[in-house]
Amino acid sequence: MAYEKELKIAQLAVARAAILTKAVFHEKAKGTVSKDDKSPVTIGDFGAQALIIAAIKHNFPSDEVVGEEEASSLRDQKDLASKIWNLVKDVKLSDAESDALLGGPIKSEAQMLDAIDMGNSAGGNKGRIWALDPIDGTKGFLRGGQYAVCLALMVDGDVKVGVLGCPNLPVDDSAPLTEDMGSAATDAEGKGVLFSAVQGEGATSQPLTKGPVAKGQPIHVSKISKVSEAVMCESVEPGHSSKGDNALIAEKLGITGKPVQMDSQAKYGSVARGAGDLYLRLPVRKDYIEKIWDHAAGDLIVREAGGQVTDVTGKRLNFSLGRTLTENKGVIATPANVHAEVLKAVQEVLAAK
Ligand SMILES: Nc1ncnc2c1ncn2[C@@H]1O[C@H](COP(=O)(O)O)[C@@H](OP(=O)(O)O)[C@H]1O
Ligand SMILES: [Mg+2]
Ligand SMILES: [Mg+2]
Ligand SMILES: [Mg+2]
């Protein structure tokens, strides 16, 4: 099997980071600070980024990482940094062998800050680069909704390995999506799933545990034949994708069911296992450029599960252009057999605007 070690390290690193994010999820005070773009970041985001980068660097020292977060604000906020360190230093997988594979605990607060800053790769189309979103759906994480710990390995700009840890999604691949996924999610018993894919080898799911990782079971997109019966997934946040466009597209496709709103790449995971059928993400703002860490793992997992993922022009997402999906306009993820029909409806709605 290709990329066997990379897959295992990615799965374990995501599982270990999720131990920390789950602990923070249950805290009232999540150490939220506002970034320059006014978006939130929490103790959970910083801690998970440190833990995952430390694991990658221990195993693949010359690999680069494009990580969402950076430590500069923490270096001025000593209290926040020490709160994060107090959590990070104690996070361990349940079996010593898996924990040792990740290099054991981070040694000091200074090393934790350095690890966070190693997520500063410029990305691009050369060499081995990991795309890391330590918490995707931070607003969902804060609201008590869905969130995902997302990690993908790109080689020469092409995504080879993708892993998504979704602590608040049902373990059961056949569990239907419910309307409260965006607001009243829990990680109680029966929740927590780890999605994985390796290029050319299919996609799998397995329970998200504290380790060790097992062999996942294969997942597939839905076998939908009538698009009018599709369950559409979209963001909770109105600022992240256009719900108005989605409603018009649904109408054109004859979809009468309400869209299921949930945060994060849990949407990609849900489409990949056939719990949802379509994921549409159409821009609300002309000047927003999508980030590679918001899509790299989910894009591969959906495609390896039999889906097709493109932008609104029908082109594959291009991860080789740097930290962002430069030039991208929108995302359409569907089972491959209905993609052309959905794309056509999207294009007609956008053309009529
Ligand atoms: N104007 C915008 N348009 C599209 N995506 C946006 C956006 N502003 C922020 N985002 C991204 O939307 C992601 C969450 O997506 P979703 O709405 O599907 O949960 C955020 O990830 P983070 O939560 O990792 O910051 C952020 O990167
Ligand atoms: Mg963010
Ligand atoms: Mg994100
Ligand atoms: Mg994030």
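Cβ atoms here come from the backbone N, Cα and C positions, even for glycine.
In TrEMBL, annotation is done automatically, which means it is predicted and not curated.
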Identity of the Mg(2+)-site residue among Glu68, Glu201, Glu229 (reference: Asp133, Ile135, Asp136, Asp294, source: TrEMBL):
Glu68
Can you name the residues of this chain that are 6 or more positions from Asp136 (Mg(2+) binding site) yet have a C-beta less than 8 Å from its C-beta?
Tyr147, Ala148, Val149, Cys150, Asp263, Ser264, Gln265, Trp293, Asp294
Might you list, by sequence position, any residue in that chain lying six or more from Asp133 (Mg(2+) binding site) with a Cβ less than 8 Å away from its Cβ?
Gly67, Glu68, Ala148, Val149, Cys150, Leu151, Gln265, Lys291, Trp293, Asp294
Count the Cβ atoms, other than its own, that fall within 10 Å of the Cβ of Ile135 (Mg(2+) binding site), considering every protein chain shown.
32
Quick one: of the binding-site residues Asp133, Ile135, Asp136, Asp294, flag those whose CB is under 6 Å from ligand 3, and say none if nothing qualifies.
Asp133, Asp136, Asp294
